[in-house]
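A.B. asks: Sharing a structure here in C-alpha coordinates format.
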Amino acid sequence: MQTNFLSQQFNAGSLAENSTACPANATICDGTSCVLPEDNFNQTLSVVLSTVLTIMLALVMFSMGCNVELKNFLGHIKRPWGIFVGFLCQFGIMPLTAFLLSLAFNILPIQAVVVLIMGCCPGGTASNVIAYWVDGDMDLSISMTTCSTLLAMGMMPLCLFIYTKMWTDSDAIVLPYDSIGLSLVALVIPVSFGIFVNHKWPTKAKIILKVGSIVGAVLIVLIAVVGGILYKGSWIISPKLWIIGTIFPAAGYTLGFFLARVAGLSWHRCRTVSLETGMQNTQLCSTIVQLSFTPEQLELMFTFPLIYSIFQLLFALLILGGYRLYRRYRVKTKPDIEKTAQKEDSKSSAKINGGFVSDEIK
(Lines of atoms letter the chains of each structure in order from A and count residues from 1; the text may use other names and numbers.)
(Lines give C-alpha, C1' and ligand atoms only; values in the text may rest on other atoms or scores of the structure.)
Protein backbone atom coordinates (compact mmCIF):
# COMPACT_ATOMS: atom_id res chain seq x y z
CA MET A 1 0.00 0.00 0.00
CA GLN A 2 1.37 3.39 -0.96
CA THR A 3 1.34 5.95 1.87
CA ASN A 4 2.59 9.49 1.68
CA PHE A 5 4.04 11.18 4.71
CA LEU A 6 4.59 14.84 5.45
CA SER A 7 7.10 16.09 7.93
CA GLN A 8 5.75 18.87 10.19
CA GLN A 9 8.23 21.06 12.05
CA PHE A 10 7.09 22.52 15.36
CA ASN A 11 8.83 25.56 16.83
CA ALA A 12 10.31 25.42 20.29
CA GLY A 13 8.02 28.14 21.65
CA SER A 14 4.83 26.26 20.93
CA LEU A 15 6.32 23.08 22.40
CA ALA A 16 7.16 24.86 25.62
CA GLU A 17 3.50 25.83 26.02
CA ASN A 18 2.26 22.29 25.51
CA SER A 19 2.95 19.29 27.63
CA THR A 20 2.84 16.96 24.61
CA ALA A 21 5.79 17.39 22.22
CA CYS A 22 4.12 15.64 19.28
CA PRO A 23 0.49 15.11 18.24
CA ALA A 24 -1.12 11.81 19.16
CA ASN A 25 -1.24 10.65 15.53
CA ALA A 26 2.48 11.26 14.87
CA THR A 27 4.26 8.20 13.51
CA ILE A 28 7.80 9.39 14.28
CA CYS A 29 9.01 11.85 16.90
CA ASP A 30 12.58 13.06 17.21
CA GLY A 31 12.89 16.16 19.36
CA THR A 32 10.85 18.88 17.66
CA SER A 33 10.54 17.03 14.37
CA CYS A 34 7.47 14.85 13.79
CA VAL A 35 6.17 12.91 10.81
CA LEU A 36 2.41 12.93 10.40
CA PRO A 37 0.19 10.90 8.07
CA GLU A 38 -0.96 12.93 5.09
CA ASP A 39 -4.28 14.63 5.73
CA ASN A 40 -7.37 14.20 3.57
CA PHE A 41 -6.90 17.56 1.87
CA ASN A 42 -3.44 16.64 0.66
CA GLN A 43 -4.63 13.23 -0.53
CA THR A 44 -7.50 14.82 -2.47
CA LEU A 45 -5.19 17.48 -3.90
CA SER A 46 -2.71 14.80 -4.96
CA VAL A 47 -5.40 12.76 -6.77
CA VAL A 48 -6.88 15.79 -8.55
CA LEU A 49 -3.52 17.18 -9.63
CA SER A 50 -2.28 13.75 -10.73
CA THR A 51 -5.35 13.36 -12.94
CA VAL A 52 -4.97 16.82 -14.47
CA LEU A 53 -1.22 16.37 -15.04
CA THR A 54 -1.76 12.95 -16.64
CA ILE A 55 -4.28 14.39 -19.11
CA MET A 56 -2.00 17.33 -19.90
CA LEU A 57 0.96 14.99 -20.37
CA ALA A 58 -1.03 12.84 -22.81
CA LEU A 59 -1.95 15.95 -24.82
CA VAL A 60 1.67 17.13 -24.86
CA MET A 61 2.93 13.73 -26.04
CA PHE A 62 0.23 13.74 -28.72
CA SER A 63 1.55 17.09 -29.96
CA MET A 64 5.14 15.83 -29.84
CA GLY A 65 4.06 12.89 -31.97
CA CYS A 66 2.85 15.41 -34.55
CA ASN A 67 6.52 16.22 -35.19
CA VAL A 68 7.56 12.60 -35.80
CA GLU A 69 7.87 11.24 -39.32
CA LEU A 70 6.88 7.58 -39.38
CA LYS A 71 9.56 6.79 -41.96
CA ASN A 72 12.32 8.40 -39.88
CA PHE A 73 11.03 6.86 -36.66
CA LEU A 74 11.08 3.36 -38.18
CA GLY A 75 14.52 4.15 -39.57
CA HIS A 76 15.84 4.64 -36.03
CA ILE A 77 14.27 1.33 -35.01
CA LYS A 78 15.78 -0.54 -37.98
CA ARG A 79 19.21 1.11 -37.64
CA PRO A 80 19.31 1.72 -33.89
CA TRP A 81 22.81 3.21 -33.51
CA GLY A 82 21.44 6.36 -31.87
CA ILE A 83 19.14 4.32 -29.64
CA PHE A 84 22.06 2.06 -28.68
CA VAL A 85 24.19 5.07 -27.70
CA GLY A 86 21.26 6.35 -25.64
CA PHE A 87 20.92 2.92 -24.03
CA LEU A 88 24.59 3.01 -22.96
CA CYS A 89 24.07 6.45 -21.48
CA GLN A 90 20.79 5.62 -19.75
CA PHE A 91 21.67 2.28 -18.19
CA GLY A 92 25.47 2.51 -18.25
CA ILE A 93 26.57 6.06 -17.45
CA MET A 94 23.73 7.08 -15.10
CA PRO A 95 23.83 4.09 -12.68
CA LEU A 96 27.64 4.21 -12.60
CA THR A 97 27.61 7.95 -11.92
CA ALA A 98 25.08 7.43 -9.11
CA PHE A 99 27.31 4.75 -7.59
CA LEU A 100 30.45 6.91 -7.77
CA LEU A 101 28.70 9.97 -6.30
CA SER A 102 27.34 7.88 -3.41
CA LEU A 103 30.83 6.61 -2.64
CA ALA A 104 32.51 10.00 -3.06
CA PHE A 105 30.15 11.77 -0.62
CA ASN A 106 30.00 8.81 1.78
CA ILE A 107 26.25 9.16 2.32
CA LEU A 108 24.09 6.83 4.41
CA PRO A 109 23.26 3.45 2.84
CA ILE A 110 19.55 4.27 2.52
CA GLN A 111 20.43 7.57 0.83
CA ALA A 112 22.83 5.82 -1.54
CA VAL A 113 20.01 3.49 -2.55
CA VAL A 114 17.65 6.31 -3.55
CA VAL A 115 20.44 7.96 -5.58
CA LEU A 116 20.99 4.64 -7.37
CA ILE A 117 17.26 4.20 -7.99
CA MET A 118 17.22 7.61 -9.64
CA GLY A 119 20.21 6.64 -11.79
CA CYS A 120 18.48 3.44 -12.92
CA CYS A 121 15.17 5.07 -13.90
CA PRO A 122 14.33 5.46 -17.60
CA GLY A 123 14.27 8.82 -19.34
CA GLY A 124 11.46 11.27 -18.61
CA THR A 125 8.98 12.64 -21.14
CA ALA A 126 10.01 16.24 -20.36
CA SER A 127 13.13 15.57 -22.45
CA ASN A 128 10.95 15.37 -25.56
CA VAL A 129 9.66 18.90 -25.00
CA ILE A 130 13.12 20.36 -24.38
CA ALA A 131 14.53 18.43 -27.36
CA TYR A 132 11.97 20.13 -29.56
CA TRP A 133 12.98 23.59 -28.35
CA VAL A 134 16.70 22.95 -28.97
CA ASP A 135 16.01 21.64 -32.50
CA GLY A 136 16.89 18.09 -31.54
CA ASP A 137 16.06 14.94 -33.48
CA MET A 138 12.47 14.36 -32.36
CA ASP A 139 12.29 10.95 -34.04
CA LEU A 140 15.32 9.85 -32.00
CA SER A 141 14.01 11.51 -28.82
CA ILE A 142 10.65 9.74 -28.95
CA SER A 143 12.19 6.38 -29.86
CA MET A 144 14.78 6.69 -27.04
CA THR A 145 12.14 7.53 -24.44
CA THR A 146 9.95 4.65 -25.59
CA CYS A 147 12.80 2.12 -25.69
CA SER A 148 14.29 3.17 -22.34
CA THR A 149 10.87 2.84 -20.65
CA LEU A 150 10.36 -0.59 -22.21
CA LEU A 151 13.90 -1.80 -21.40
CA ALA A 152 13.57 -0.51 -17.83
CA MET A 153 11.43 -3.59 -17.11
CA GLY A 154 14.61 -5.68 -17.20
CA MET A 155 17.46 -3.20 -16.86
CA MET A 156 16.30 -1.57 -13.61
CA PRO A 157 16.35 -4.83 -11.61
CA LEU A 158 19.72 -5.77 -13.15
CA CYS A 159 21.37 -2.40 -12.41
CA LEU A 160 19.98 -2.27 -8.88
CA PHE A 161 21.19 -5.82 -8.24
CA ILE A 162 24.71 -4.89 -9.38
CA TYR A 163 25.09 -1.54 -7.63
CA THR A 164 23.09 -1.81 -4.39
CA LYS A 165 24.59 -5.05 -3.06
CA MET A 166 27.03 -3.23 -0.78
CA TRP A 167 24.25 -1.19 0.85
CA THR A 168 21.08 -3.27 0.86
CA ASP A 169 19.40 -6.40 -0.39
CA SER A 170 18.07 -5.63 -3.86
CA ASP A 171 15.03 -7.81 -3.09
CA ALA A 172 13.94 -5.16 -0.57
CA ILE A 173 13.36 -2.67 -3.42
CA VAL A 174 9.87 -2.94 -4.88
CA LEU A 175 9.74 -2.11 -8.58
CA PRO A 176 6.25 -0.93 -9.64
CA TYR A 177 6.01 -2.70 -12.98
CA ASP A 178 2.43 -1.52 -13.31
CA SER A 179 3.59 2.13 -13.09
CA ILE A 180 6.31 1.49 -15.68
CA GLY A 181 3.73 -0.18 -17.92
CA LEU A 182 1.31 2.73 -17.51
CA SER A 183 4.12 5.18 -18.34
CA LEU A 184 4.80 3.22 -21.51
CA VAL A 185 1.12 3.18 -22.50
CA ALA A 186 0.74 6.90 -21.70
CA LEU A 187 3.71 7.54 -24.01
CA VAL A 188 3.03 5.18 -26.91
CA ILE A 189 -0.70 5.78 -27.47
CA PRO A 190 -0.67 9.63 -27.67
CA VAL A 191 2.52 9.62 -29.76
CA SER A 192 1.00 7.07 -32.15
CA PHE A 193 -2.04 9.28 -32.67
CA GLY A 194 0.27 12.25 -33.23
CA ILE A 195 2.27 10.36 -35.86
CA PHE A 196 -0.98 9.43 -37.61
CA VAL A 197 -2.18 13.05 -37.62
CA ASN A 198 1.19 14.22 -38.99
CA HIS A 199 0.94 11.61 -41.76
CA LYS A 200 -2.64 12.51 -42.75
CA TRP A 201 -2.80 16.25 -42.06
CA PRO A 202 0.78 17.65 -41.86
CA THR A 203 -0.33 21.29 -41.90
CA LYS A 204 -2.68 20.84 -38.93
CA ALA A 205 -0.02 18.76 -37.17
CA LYS A 206 2.39 21.74 -37.18
CA ILE A 207 -0.25 23.93 -35.51
CA ILE A 208 -0.91 21.27 -32.87
CA LEU A 209 2.84 20.95 -32.34
CA LYS A 210 3.31 24.67 -31.69
CA VAL A 211 0.48 24.74 -29.14
CA GLY A 212 1.62 21.49 -27.51
CA SER A 213 5.20 22.68 -27.13
CA ILE A 214 4.01 25.73 -25.18
CA VAL A 215 1.68 23.62 -23.03
CA GLY A 216 4.58 21.23 -22.45
CA ALA A 217 6.80 24.04 -21.18
CA VAL A 218 4.03 25.11 -18.79
CA LEU A 219 3.54 21.50 -17.68
CA ILE A 220 7.21 21.07 -16.76
CA VAL A 221 7.10 24.12 -14.50
CA LEU A 222 3.73 23.09 -13.08
CA ILE A 223 5.01 19.64 -12.09
CA ALA A 224 7.91 21.24 -10.19
CA VAL A 225 5.54 23.64 -8.37
CA VAL A 226 3.08 20.86 -7.50
CA GLY A 227 5.89 18.73 -6.11
CA GLY A 228 6.98 21.64 -3.92
CA ILE A 229 3.43 22.07 -2.58
CA LEU A 230 2.76 18.41 -1.86
CA TYR A 231 6.13 17.68 -0.24
CA LYS A 232 6.96 21.04 1.31
CA GLY A 233 7.48 19.41 4.71
CA SER A 234 10.28 17.10 3.60
CA TRP A 235 12.92 19.64 2.59
CA ILE A 236 15.16 19.29 5.64
CA ILE A 237 17.56 16.57 4.53
CA SER A 238 21.31 16.04 4.38
CA PRO A 239 23.25 18.80 2.54
CA LYS A 240 25.15 16.01 0.77
CA LEU A 241 21.95 14.99 -1.03
CA TRP A 242 21.44 18.59 -2.15
CA ILE A 243 24.97 18.60 -3.61
CA ILE A 244 24.47 15.23 -5.33
CA GLY A 245 21.09 16.40 -6.65
CA THR A 246 22.90 19.34 -8.25
CA ILE A 247 25.87 17.46 -9.69
CA PHE A 248 24.04 14.35 -10.91
CA PRO A 249 21.83 15.84 -13.67
CA ALA A 250 24.67 18.10 -14.86
CA ALA A 251 26.93 15.04 -15.14
CA GLY A 252 24.20 13.19 -17.06
CA TYR A 253 23.79 15.99 -19.61
CA THR A 254 27.55 16.41 -20.08
CA LEU A 255 28.54 12.75 -20.28
CA GLY A 256 25.60 11.93 -22.55
CA PHE A 257 26.61 14.68 -24.98
CA PHE A 258 30.26 13.66 -25.11
CA LEU A 259 29.55 9.95 -25.52
CA ALA A 260 27.17 10.72 -28.38
CA ARG A 261 29.79 12.90 -30.04
CA VAL A 262 32.49 10.25 -29.61
CA ALA A 263 30.07 7.76 -31.20
CA GLY A 264 29.95 10.00 -34.28
CA LEU A 265 26.40 11.35 -33.96
CA SER A 266 25.56 14.73 -35.49
CA TRP A 267 25.25 17.80 -33.27
CA HIS A 268 21.45 17.85 -33.13
CA ARG A 269 21.44 14.17 -32.14
CA CYS A 270 24.11 14.82 -29.51
CA ARG A 271 21.82 17.41 -27.94
CA THR A 272 19.00 14.88 -28.03
CA VAL A 273 21.02 12.09 -26.37
CA SER A 274 22.28 14.57 -23.76
CA LEU A 275 18.75 15.55 -22.75
CA GLU A 276 17.50 11.96 -22.78
CA THR A 277 20.39 10.99 -20.48
CA GLY A 278 20.11 13.78 -17.92
CA MET A 279 16.31 13.98 -17.66
CA GLN A 280 15.08 11.03 -15.60
CA ASN A 281 11.59 9.80 -14.76
CA THR A 282 11.54 11.30 -11.25
CA GLN A 283 7.88 10.40 -10.67
CA LEU A 284 8.77 6.73 -11.08
CA CYS A 285 11.63 7.10 -8.61
CA SER A 286 9.28 8.66 -6.04
CA THR A 287 6.84 5.78 -6.48
CA ILE A 288 9.57 3.16 -5.97
CA VAL A 289 10.91 4.69 -2.75
CA GLN A 290 7.42 5.05 -1.28
CA LEU A 291 6.64 1.41 -2.01
CA SER A 292 9.98 0.10 -0.74
CA PHE A 293 10.81 1.91 2.50
CA THR A 294 9.38 2.61 5.95
CA PRO A 295 8.34 6.09 7.14
CA GLU A 296 11.53 6.31 9.20
CA GLN A 297 13.65 5.63 6.11
CA LEU A 298 11.61 7.98 3.93
CA GLU A 299 12.41 10.81 6.32
CA LEU A 300 16.08 10.52 5.31
CA MET A 301 15.72 10.51 1.54
CA PHE A 302 12.18 11.05 0.25
CA THR A 303 12.84 14.54 -1.13
CA PHE A 304 15.82 13.56 -3.30
CA PRO A 305 13.71 12.80 -6.43
CA LEU A 306 12.17 16.27 -6.17
CA ILE A 307 15.61 17.89 -5.73
CA TYR A 308 16.87 16.05 -8.81
CA SER A 309 13.75 17.11 -10.73
CA ILE A 310 14.31 20.79 -9.92
CA PHE A 311 17.97 20.81 -10.93
CA GLN A 312 17.47 18.73 -14.07
CA LEU A 313 14.90 21.33 -15.12
CA LEU A 314 17.18 24.27 -14.28
CA PHE A 315 20.10 22.81 -16.24
CA ALA A 316 17.80 21.96 -19.16
CA LEU A 317 16.62 25.58 -19.26
CA LEU A 318 20.24 26.75 -19.20
CA ILE A 319 20.99 24.45 -22.15
CA LEU A 320 17.95 25.82 -23.98
CA GLY A 321 18.91 29.44 -23.26
CA GLY A 322 22.52 28.85 -24.29
CA TYR A 323 21.48 27.18 -27.53
CA ARG A 324 19.07 29.96 -28.44
CA LEU A 325 21.72 32.61 -27.80
CA TYR A 326 24.22 30.61 -29.85
CA ARG A 327 21.81 30.42 -32.78
CA ARG A 328 21.06 34.12 -32.63
CA TYR A 329 24.75 35.02 -32.36
CA ARG A 330 25.69 32.86 -35.33
CA VAL A 331 22.93 34.31 -37.49
CA LYS A 332 23.96 37.88 -36.66
CA THR A 333 27.69 37.42 -37.26
CA LYS A 334 27.69 35.38 -40.49
CA PRO A 335 28.18 37.32 -43.73
CA ASP A 336 25.03 37.55 -45.84
CA ILE A 337 26.51 35.49 -48.66
CA GLU A 338 27.46 32.70 -46.25
CA LYS A 339 23.99 32.69 -44.74
CA THR A 340 22.42 32.47 -48.19
CA ALA A 341 24.64 29.54 -49.18
CA GLN A 342 23.90 27.73 -45.94
CA LYS A 343 20.17 28.30 -46.35
CA GLU A 344 20.25 26.72 -49.78
CA ASP A 345 22.26 23.80 -48.44
CA SER A 346 19.89 23.31 -45.50
CA LYS A 347 16.94 22.90 -47.86
CA SER A 348 18.46 19.76 -49.27
CA SER A 349 20.35 18.21 -46.37
CA ALA A 350 19.32 19.71 -43.02
CA LYS A 351 16.65 18.18 -40.86
CA ILE A 352 13.38 20.08 -40.66
CA ASN A 353 12.22 19.93 -37.07
CA GLY A 354 8.77 21.21 -36.28
CA GLY A 355 8.99 24.23 -38.54
CA PHE A 356 12.63 24.93 -37.63
CA VAL A 357 15.27 24.44 -40.27
CA SER A 358 18.49 23.50 -38.56
CA ASP A 359 21.39 25.77 -39.47
CA GLU A 360 23.93 23.05 -38.70
CA ILE A 361 26.04 21.53 -41.44
CA LYS A 362 25.56 17.80 -41.25
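For all residues, glycine too, the Cβ spot is worked out from N, Cα and C.
TrEMBL lists these features:
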- 45-63: transmembrane segment (TRANSMEM)
- 83-105: transmembrane segment (TRANSMEM)
- 112-134: transmembrane segment (TRANSMEM)
- 140-163: transmembrane segment (TRANSMEM)
- 175-195: transmembrane segment (TRANSMEM)
- 207-229: transmembrane segment (TRANSMEM)
- 241-260: transmembrane segment (TRANSMEM)
- 306-326: transmembrane segment (TRANSMEM)
- 337-362: region 'Disordered' (REGION)
- 337-348: compositional bias 'Basic and acidic residues' (COMPBIAS)
A.B. asks: Could you tell me whether the transmembrane segment (140-163) and the transmembrane segment (83-105) have 3+ CB pairs under 8 A, leaving out pairs under 6 positions apart?
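C.D. replies: Yes; at least 3 Cβ pairs under 8 Å.
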A.B. asks: Do the transmembrane segment (241-260) and the transmembrane segment (112-134) come together with 3 or more C-beta pairs under 8 Å, pairs six or more apart in sequence?
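C.D. replies: Stretch pair touches.
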A.B. asks: Quickly jot the same-chain residues contacting the transmembrane segment (175-195) by Cβ under 8 Å, restricted to those at least six beyond its ends, or write none.
C.D. replies: 54, 57-59, 61-70, 73, 122, 125, 142, 145-146, 149-150, 152-153, 156-157, 160, 205, 208, 281, 284, 287-288, 291
